[in-house]
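**Q** One structure follows; several queries about it will come next.
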Amino acid sequence: MTALTLSTAGAATLRADAVVVGVAKGARGAKGPVVAAGAEAVDAAFGGKLATVLETLGASGAEGEVTKLPAPSGLKAPLVIAVGLGAAPEKDAGYPAETLRRAAGSAARALAGAKKAAFALPVEAAGDAQAIAEGALLGAYAFTAYQDEGNGKKPLAEVALLGAKPRDKAFKDAAARAVAVAEEMNRARDLVNTPPNDLYPESFAAVATAAGKEHGLKVQVWDEKALVKGGFGGILGVGQGAARGPRLVKVAYTHPEAEKSLALVGKGITYDSGGISLKPAGHNETMKCDMSGAAAVFAAVVATARLGLRVNLTGWLALAENMPSGTATRPGDVLRMYSGKTVEVLNTDAEGRLVLADAIAKASEESPDAIVDVATLTGAMVLALGHRRFGIMANDDEFRTAVHEVAEEAGEDSWPMPLPADLRKGMDSPTADIANMGDRMGGGLVAGLFLKEFVGEGITWAHLDIAGPAFHEGAPFGYTPKGGTGSAVRTLVGLAERAADGDLG
Ligand code: BES
Ligand code: MN
Ligand code: ZN
């Protein structure tokens, strides 16, 4: 795990393997890039010519750009890394937090193998320090559990944040928040990246129990027997084809002075083969990611506990493996759900909504002020919004807007989506109360409409479909690695913070 320290040392005097500075695009008409605040001492060591050197090397200051320069004498660090920040902000405005987060992430990735790097990026307020720290700790992430000695991959070991005031409470809090959020995002990434032969419902529940206890959470696990006894027909129906049985896990964080309660529900399909409605080749190689919602929920509850937020936060992990076999649910089967409703399973690959429906109905019994579910639910949402943003649906427009705002503040791209009532009739079933499939067009909204039916009367609810951003298959960018991304964790922690402040919407 990468360590974070706040340092008052100057960029020129701190002993480190490298010093990271920011470089912005020059104003329109200006010649080259401009060096950002924080880099003054480094620029001075270059005789005030850092911008000229960077321009000569072809640097423009564009976001994502990383330029490595040998350090001139006068710097303790032997290497300078200049990261692009894009357009310089208007006068008196700082850089957007997400710009700093991504730049720090790009730098940390470029520093894999290094022991210690000083980050001398522009810090005007504690929020800037937080974003830089988060980006650096997230960018340094590597998943090496299944490679000998990490196949030579060694994440940057220590991040020294310059420009942050170590004795100032605002900066100390910002650093603590950054460490908790980034480490928990990295925990979610680890869970997602762990192959499905090792991460299955029982082992996921065991990990959650151990880590939950470590952080003072109350953990309760329903095994198959308990699920049968409780009547969780949705979770059981999805899990019954697999050799490894399903689980429901409840992780509860409580604060003695909490005034608001929030329930988070995560889709935890540890592997989605599609079941009897088997996915074709080409669609199942990445389906270990289908528990990303449960991973995000668990990580967010632990982060909230680490931060001691004044809120009661309960996470529900709906865990099952969706496999085809002689015991699997058949298309045409009818399940009796936890809520008592019956569902005709027309397509066993629409399994996420079945496990979520049971967990949402169960969570509703505790009458939380709001429920938010998170799921890699539909390919349709990926078609609609692409790979870098999740869709937000809700039974309350104000709450949907609030969730969107929180996501924006957290630096997570998302977009509000509707739940049009006309799509409901596509799920009418001649046999059961509802079918688990409806119109193909608008499939992401159809899935949302299905879930809505299992939310307890009068409870505010939002649904995040993270099928796009949960798992990254392209080249790494900013602080986003290949594989599990930790999508939605920051938004969920942001919601817990809002609830703690009493303004959930
Ligand atoms: N886990 C998938 C959705 C998914 C697709 C997640 C791509 C991540 C990337 C989900 O269980 C699924 O298979 N959904 C079906 C629903 C359909 C059968 C109604 C889909 O989207 O095709
Ligand atoms: Mn599926
Ligand atoms: Zn799925």
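Each Cβ is built from the backbone N, Cα and C atoms, and glycine gets one as well.
According to TrEMBL, the protein has these features:
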type	residues	note
BINDING	K267, D272, D290, E351	Mn(2+) 2 binding site
BINDING	D272, D349, E351	Mn(2+) 1 binding site
ACT_SITE	K279	active site
DOMAIN	347-354	domain 'Cytosol aminopeptidase'
ACT_SITE	R353	active site
**Q** For Mn(2+) 1, what surrounds D272, D349, E351 with a Cβ no more than 8 Å from their Cβ centroid?
**A** V238, I269, S273, G274, G275, S277, K279, D290, N322, T348, A350, G352
**Q** Taking ligand 2 as the reference and 6 angstroms as the Cβ limit (strictly under), which recorded positions among K267, D272, K279, D290, D349, E351 are close?
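**A** Among the recorded positions listed, those whose Cβ sits under 6 Å from ligand 2 are D272, D349, E351.
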**Q** Give the residue from the recorded positions K267, K279, R353 that has the most other Cβ atoms within 10 Å of its Cβ, counting over every protein chain displayed.
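**A** Per the Cβ count, the most surrounded site is K267.
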**Q** Spatially speaking, which of the recorded positions K279, D349, R353 is closest to K267 (Mn(2+) 2 binding site)? Use C-alpha to C-alpha, please.
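**A** Comparing Cα positions, the candidate nearest K267 (Mn(2+) 2 binding site) turns out to be R353.
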**Q** So which one is it: of the binding-site residues D272, D290, D349, E351, which has the fewest other Cβ atoms within 10 Å?
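**A** Sparsest of the binding-site residues D272, D290, D349, E351 by Cβ contacts within 10 Å: D349.
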**Q** Name the secondary structure element type, per DSSP in three states, that contains D290 (Mn(2+) 2 binding site).
**A** helix
**Q** Measuring Cα to Cα, tell me the gap between E351 (Mn(2+) 2 binding site) and K279 (active site) in whole angstrom.
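**A** About 12 Å separates the two Cα atoms.
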**Q** Taking the Cα atoms as reference points, how far is D349 (Mn(2+) 1 binding site) from K279 (active site) in Å?
**A** 8
**Q** For the Mn(2+) 2 site (K267, D272, D290, E351), what does the 8 A shell look like? I mean other same-chain residues with CB within 8 A of the CB centroid.
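**A** Near the Mn(2+) 2 site, the remaining chain residues are V238, G268, I269, M287, M291, A320, N322, G352, V355, A375, T376, L377.
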**Q** Just to verify a number: CA distance, K279 (active site) to D272 (Mn(2+) 2 binding site), in angstrom, no decimals.
**A** 8
**Q** Quick one: mean pLDDT on the domain 'Cytosol aminopeptidase' (347-354)?
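**A** Here the predicted model's pLDDT, averaged over the domain 'Cytosol aminopeptidase' (347-354), is 98.
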**Q** Determine the recorded positions, out of D272, K279, D290, R353, lying near ligand 3 in the sense that the CB is under 6 Å from one of its atoms, and give them in sequence order.
**A** D272, D290
**Q** In DSSP terms, helix, strand or coil for K267 (Mn(2+) 2 binding site)?
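**A** Looking at the DSSP assignment, K267 (Mn(2+) 2 binding site) belongs to a strand.
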**Q** Tally of helix, strand and coil residues over the domain 'Cytosol aminopeptidase' (347-354) according to DSSP?
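**A** Its residues divide into 3 helix, 0 strand, 5 coil.
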**Q** Which recorded positions out of D272, K279, D290 lie by ligand 1, going by a Cβ under 6 Å?
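**A** Among the recorded positions listed, those whose Cβ sits under 6 Å from ligand 1 are D272, D290.
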**Q** Per DSSP, to which secondary structure element type does K279 (active site) belong, with helix, strand and coil as the options?
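**A** It is coil.
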